[in-house]
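K.L.:
If you look up TrEMBL, you'll see 15-539 marked as domain 'Metalloenzyme'. Look at TrEMBL and you will find Asp21, Ser72, Asp464, His465 tagged as Mn(2+) 2 binding site. Summarising the annotation, TrEMBL assigns active site, phosphoserine intermediate to Ser72. For 92-316, the entry in TrEMBL reads domain 'BPG-independent PGAM N-terminal'. According to TrEMBL, the feature substrate binding site maps to His133, Arg164, Asp165, Arg201, Arg208, Arg280, Gly281, Asp282, Arg283, Lys355. Annotation comment: TrEMBL describes Asp423, His427, His495 as Mn(2+) 1 binding site.
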Amino acid sequence: MKNKTLFKHRRPRPLTFVVMDGIGYRANPEGNAVSQGYTPHLDWLLANCHYTLLKAHGTAVGLPSDSDMGNSEVGHNAIGAGRFFPQGARLVNEAIASGSIFEGKGWRRLIDFCRKHDGSMHFIGLFSDGNVHSHLDHLKAMLKHLALHDKVLRARIHILLDGRDVGETSALDYVIPFESFLKEINRQAGVDYRIASGGGRMKVTMDRYEADWNIVALGWKTHVAAEGRTFGSAQEAIETYRKEKPGIIDQDLPPFVVADGSGPVGPVKDGDSVVFFNYRGDRAIEISRAFEEPDFDKFPRIPYPNAAYAGMMEYDTEAHIPKNYLVEPPVIGNTMGEFLCKAGMRQMAISETQKFGHVTYFWNGNRSGLLDPNLEEYVEVPSDRVPFEERPWMKAAEITDRVVEAIGSGKFDMIRLNYANGDMVGHTGVFQAARIAVETVDLCLGRLMKATQKAGGIMVVTADHGNAEEMYELDKKTGKPKYNEEGKPKAKTAHTLNPVWFIVYDPSGECASLRFNPEIKEPKLTNIAATCFQLLDLEPPELYDPPLLMANG
Ligand code: 3PG
Ligand code: CO
């Protein structure tokens, strides 16, 4: 099918591509901050425009199974690259199953280093089975191998508590069995493996896109210097903090250091080796830089031990961060951005800090930086540094100001933007705030629609995965909400398995003569890139999954 048939009378410009991060579709209104929101613009679009639903989770986006919820990394990778790639979660599973991870030079280097110096091996990472940034099974497999095959005597584990990709107060469901696992391994192999420090993932270590280096600095103090409030165990720390601050959720728990009679059990020292066991890059890059960069200046590293470091993967394949890693990342080339640059398309990418890398780094296949400075402009609107349930509007209005101006300027062929609200506020588990987040996005859509109409452009509204449309934990069997001890629905902070909308808004009405290709039985995020080429009136690259649209008759 030739695209020329899509637009008989004009070449619409610009194509404004809106990612409503974390706003999925779910029919049931219970706990649904999207359907319960006041969203006149979204309602209008759904009533008057062509739209379809796209699969945004599981195998369709390169995750191990269809029980894996979608996430922004794989979602933006899939949108930006027009086809799926086996993602970190799958690649690490395979490397562990085949044993190749333990034969690779990344792992061998760490083992040799700490053996030579009689040091300890440290593991830092997100401690859950959320399978978005990491998986507990990977950590356990590495510890087993370390104890039974490499026979390294001391390991220390620094646990970043999740509550964001898994149940919001589920930390002990992981910590307690893990302590038994360590006990068993210690007994069986005669080793000394212990949890040494930790804290909520939003408080220590896992900052992203340089939104707040203080978070990483606090992580350094906690894991490396072993400075901070001490407890006899991770369990004691979690229980104490929960008692002191009722209602606190795991991702926000303060840092803790585990100590015994002789002091903290696991500062990182000269001669030690460190693995950061997250495979996803956005929240792993800053701590990797702190460990690896000789002239790092974001915070004083006190102390800065002579330790060998490796990340689970190469997180940035352009800037080569980190230098040492355990598993090769997916090689995501021939992205939409690359092809559009080759075709001379002028592009703008914009979001606020929290999602800036999503529309640049993830979109471009985990590469930071401009592809072509002559054709592209990347704009970051600084995010607030506050709990987002307190400011659910976030920076959506400021982003919209810039995009409205860009649409009217005639300077761009395609403008892509990400509204963080549905996702970032969805992750807080606060229903009212999530509803306001969705309404904020809707208000902004109205402004974009007007600007698009005025400029003679066209607009796509979609999302990378769901979140805000399912704010309660649901019973898998009945589909009804679970309730807490107070009889209130249990808040859900994680992403979902729900599909997302793909809406084409063409104010000229010309798209009335288009339709979705009925031969594409299960449309997915990977069909988007080729569809953007159609909407830009360009031939989609052959290697992409097929475009969604076709001319009517
Ligand atoms: C996070 O990092 O905030 C969550 O684990 C995943 O959210 P995202 O995939 O929407 O960024
Ligand atoms: Co999210």
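Even glycines carry a Cβ here, placed using N, Cα and C.
Because TrEMBL annotations are produced automatically, they should be read as predictions rather than curated entries.
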K.L.:
What Cα-Cα separation, expressed in whole Å, is found between Arg283 (substrate binding site) and Asp21 (Mn(2+) 2 binding site)?
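P.N.:
On Cα coordinates alone, these residues lie 17 Å apart.
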K.L.:
Where ligand 2 binds, which of the binding-site residues His133, Gly281, Asp464, His465 are close by, with Cβ under 6 Å?
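P.N.:
Near the molecule: none at all.
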K.L.:
When the Cβ positions of the binding-site residues Arg208, Gly281, Asp464, His465 are compared with the atoms of ligand 1, which fall under 6 Å?
P.N.:
none
K.L.:
Long-range same-chain neighbours of Asp21 (Mn(2+) 2 binding site), Cβ under 8 Å, sequence gap at least 6?
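P.N.:
Result: Ser72, Lys355, His358, Asn418, Tyr419, Ala420, Asn421, Gly422, Asp423, Met424, Ala463, Asp464, Asn467.
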K.L.:
Starting from the Mn(2+) 1 site formed by Asp423, His427, His495, give every other residue of that chain whose CB sits within 8 Å of the mean position of their CB atoms, in sequence order.
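P.N.:
The surrounding set, listed in chain order, is Asp21, Gly22, Asn71, Ser72, Arg164, Gly422, Met424, Gly426, His465, Asn467, Ala468, Thr493, Ala494.
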K.L.:
Out of His427, His465, His495, the binding-site residues in the record, which is closest to Arg208 (substrate binding site) when you go by Cα distance?
P.N.:
His427
K.L.:
Among the binding-site residues listed here (Asp165, Gly281, His465), which has the Cα closest to the Cα of His427 (Mn(2+) 1 binding site)?
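P.N.:
Out of the listed candidates, the nearest Cα belongs to Asp165.
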K.L.:
Neighbour count, 10 Å Cβ-Cβ cut-off, for Arg283 (substrate binding site): what number do you get?
P.N.:
26
K.L.:
In sequence order, what residues of the same chain, 6+ apart, have a Cβ less than 8 Å from the Cβ of Asp165 (substrate binding site)?
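P.N.:
Looking at Cβ-Cβ distances below 8 Å from Asp165 (substrate binding site), excluding near sequence neighbours, one finds Met69, Asn71, Leu126, Ser128, Gly130, Asn131, Val132, His133, Ala494, His495.
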K.L.:
What residues, ordered by sequence, lie under 8 A Cβ-to-Cβ from His465 (Mn(2+) 2 binding site) and sit at least six positions away in the same chain?
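P.N.:
The answer is Gly22, Gly24, Ala56, His57, Met69, Gly70, Asn71, Ser72, Gly75, Asp423, His495, Thr496, Val500.
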K.L.:
Let me know the DSSP-derived helix, strand or coil state of Ser72 (Mn(2+) 2 binding site), please.
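P.N.:
For Ser72 (Mn(2+) 2 binding site) - judged by DSSP and reduced to three states - the answer is helix.
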